[in-house]
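K.L.:
Sharing a structure here in structure tokens format.
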């Protein structure tokens, strides 16, 4: 079989060797009579599906990076081991996608060169392992981290217009190997089937934007105000969480609210701490090794003041930004202590920043006394009560009666039979759709969503009209002047039409060009057959 124009024999041999793991030259391949069988085609289809499967997982991996710090904390609580598992996720995903993509490119090039698709058993085994690994990753995501499916839905709203362009481009490039298969296949039914399926897919893609909705497809003058920033435990990427240093860094980031967690010591002093145990964010194992496993509320205030609440930040580096801290910030971080609520309220009052907190643990037998101790500190601090956002649901009515000036913020959506209207809600960003956010905004209900770290997610919520977001990355979101993408409807319509027209022209060009190549190849084969017939006749004579 003559090689197609533009495909040199050494290149075809090299591609065949990489794909089949055997050094088979084009001449040997022809002599052996190797051809692509139905089994080979099935393995190519499996390779294509594995590539798509891995590509979808890569998309999910990028999406869940927004919440991956929660996963790192979960692993630490279970295994007492801290590391940035997002690096493991990205490296493993990159290896899988590069491997499957390389094999797919080899297969497509072999098809264009007219070589057989003899996939080696080692590649087959690795492809099966790749598919099983990705399936296991999706299964684990669905069991342990189901809310990330809703994160994917939000991301699709944001990236839908751009994913559409990418998919159209990928399917357009697929026209080249498809045309090669169509012109090489002698089975008319198979050719018609392939063309019909491909045409149906392309038509569906061309009209897909009719069903794509994105919050950021709007005119610039319709863009809602930029959401206010709420510092999640302060500025945890720039300072140890729930410390006075973290509060000051949050103020520097123009954060309007300092979000934190409050616990009450054994002797009745409210202090800042998120975890039920002190092991992650203090050196309790070094100072009180025999008591390290106890809950935070089992320690009195004197004991808590002996602990260092900042050294862990430099040792474990919970965020990559720790490496870029200045020498002064590093020294300051090592000197951080667990702050009392009184100290934090004083700092918040001086900085004119609001404070929102949860009171933990909610299931403690002395929870009512925790509430009373916390209210007492708030009243004694002298902070304006409109700067205090009360989040705990326990004994909320008692709090309203004792300190009516405190701002109430609810961790739930409004009810149909609500006795008094909600003014503020604080919810995970996965729990509210763009339509609900817009409705709450029209009804003058302030919506705060948490935890929003990535610019793409902040952009979607900005376009949707959310009032504020709780974030770990206040230094990143502070610098955003506009959403990452903001497309007027007319601009998107123009992009849609241009992409579809260019795609259609490239597909027609691919089929016409390969049709000419096919005709030349058949002419060359017929001339070769005529020449061989004449030679045979001469030899017989």
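Just so it is clear, glycine is given a Cβ too, placed from its N, Cα and C backbone atoms.
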K.L.:
Under TrEMBL, the annotation transmembrane segment belongs to which of these stretches: 493-514, 515-536?
P.N.:
493-514
K.L.:
With the transmembrane segment (493-514) as the reference, find which of 85-113, 163-183, 192-212 contributes the most Cβ pairs under 8 Å.
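P.N.:
Checked against 85-113, 163-183, 192-212; highest Cβ contact count belongs to 163-183.
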K.L.:
Could you check whether the transmembrane segment (41-65) packs against the transmembrane segment (163-183) - three or more CB pairs closer than 8 Å, residues at least 6 apart in sequence?
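P.N.:
When sequence-distant Cβ pairs are counted, the transmembrane segment (163-183) does not touch the transmembrane segment (41-65), since fewer than 3 lie under 8 Å.
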K.L.:
In the same chain, who gets a Cβ under 8 Å from the transmembrane segment (163-183) while lying at least 6 residues past its ends?
P.N.:
4, 108, 111-112, 114, 156, 191, 194-195, 198, 201-202, 205-206, 208-209, 212, 495, 499-500, 503, 506-507, 510-511, 514-515, 517-518
